[in-house]
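Here is the structure we will look at.
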Amino acid sequence: MPREIITCQVGQCGNQIGMEFWKQLCMEHGISPEGILEEYALDGEDRKDVFFYQADDEHYVPRAVLIDLEPGVIKQIQNSPYSNLYNPENFFVSKTMDGAGNNWAKGYCEGAKYEEEIIEMIDREADGSDSLEGFVLTHSIAGGTGSGFGSYLLEKLNDHYPKKLVQTYSVFPNDNDIVVQPYNCILSMKRLVLNADCVVVLDNTAITSIAVDRLKLLHPTISQVNSIVSTVMAASTTTLRYPGYMNNDLVGLIASLVPTPRCHFLMTGYTPLSLNDQKVSSIRKTTVLDVMRRLLQTRNIMTSGAIKKGAYMSILNIIQGDVDPTQVHKSLQRIRERNVANFIPWGPASIQVALSKKSPYIESDNKVSGLMLANHTGIRSIFQVLYGQYRQFRKRDAFLGTYRETKIFQDNLDEFDSSEEVVKDLIDEYAAAEKMDYINRGKDDEDMDYDPRAPPNFRPIE
């Protein structure tokens, strides 16, 4: 029985990458832009029901809720060839339609204002599921709606669905995209630490660099960058949609990658990479060894500078294509012999591999492709940059006027201080994880097992 997942797309960025994600899923499952299953896909062995449901007229509808405080991107989706794909009841745009003004606090307060309407949409989707496993949130942490409204939604998902998993695809910004983004990022990070079970970090800077360096795009468009993101998202869900012997549900996927509850931020790598509209002249033979070796190369990691220092806590390679399992074993041996991956001293130094089918409905230039999902202590470098930028602003109490105008900050700035502490603790946690004595850390502290900052939903597999 498929374990259903509901996708919540919040804000401009969240809806843009969500739109590309659904385009990709439709192509992979043989579903037309109107939601009709193509004749050539009638006998497919895939699990469409994880992310789609069938309406009474049998057309496929995404299990998705689309939220924004301004109408721009939602209207774009409603006017696109995919307009009839979505449930029209699951679009939400605020009545004022004036956005959050790149202000986390305004987005958060708007979330509280419209909580009842949003939860009603989500409840309706949940009631239509036979065995709901959890939620996926797509958003940016830099602006106002994705960060603020997204933060509020994360808290409410924990409150209303405490036993369901929450995974996010969170876009981390380019430098200085928005003046007040250090504030928005720190406030969002607190919720990603406390209220998500797993966060896939989508580093805009690194993804744009990959588009320039590897895809040879001189000036990558937002659509092209989002297409790369959708490729990663789709690949990370292939084991759920084309199930094999392992990692065929969300809890199994997360448990294999998150050894301790707080350290649940993942980086990604993908190879070989191309865009759907880009013809690639193939000059190499893709093998399992070639793909797995390339996934460990810095230039293929979609997180800036994160693996130059530190160690891997876990690696899961999702290999797609017609692959002989004996090739996997030989490839792992070769990689181990070359010692190309540095692991933490207190855990197993192993790369997990999940084999998955490729969609038979998409012509691929390569026989084998791979996605790496990795938990690496070096990811804290991204958090350190955000923390440093935030501290520079707070020293001068710069640009706080619009925050003080909102209910959450009108009396004091305690929420900033609380968020700062959570992020600092996260940075310290990842640094400590590089040391042999990490597993004994805090053993004398009776409250360690009841860390209030640990995600409430984390349930390790026995």
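Placed from the backbone N, Cα and C atoms, the Cβ positions cover glycine too.
Positions annotated as GTP binding site by Swiss-Prot, on the basis of sequence analysis: Ala142, Gly143, Gly144, Thr145, Gly146, Ser147, Gly148. A helical conformation is recorded for Gly148 (GTP binding site) in the three-state DSSP classification. Non-local neighbourhood of Gly148 (GTP binding site): Ala100, Asn103, Trp104, Ala105, Lys106, Gly107, Tyr108, Cys109, Glu110, Gly111, Asn184, Leu187, Ser188, each in the same chain, at least six residues away, with C-beta under 8 Å from its C-beta.
Annotation comment: Swiss-Prot describes 453-462 as compositional bias 'Pro residues'.
Annotated region 'Disordered' per Swiss-Prot: 441-462, in sequence order.
Of all Cβ atoms in the protein chains displayed, 32 besides its own lie within 10 Å of the Cβ of Gly146 (GTP binding site).
Note: the GTP site is recorded as Ala142, Gly143, Gly144, Thr145, Gly146, Ser147, Gly148; in the same chain, Gly11, Ala100, Asn102, Asn103, Trp104, Gly107, His139, Ser140, Ile141, Phe149, Gly150, Asn184, Ser188 also have Cβ atoms within 8 Å of that site's Cβ centroid.
For the binding-site residues Thr145, Ser147, the ranking by surrounding Cβ atoms (within 10 Å, all protein chains) places Ser147 first. Cβ packing within 10 Å was compared across the binding-site residues Ala142, Gly143, Gly144, and the lowest neighbour count falls to Ala142.
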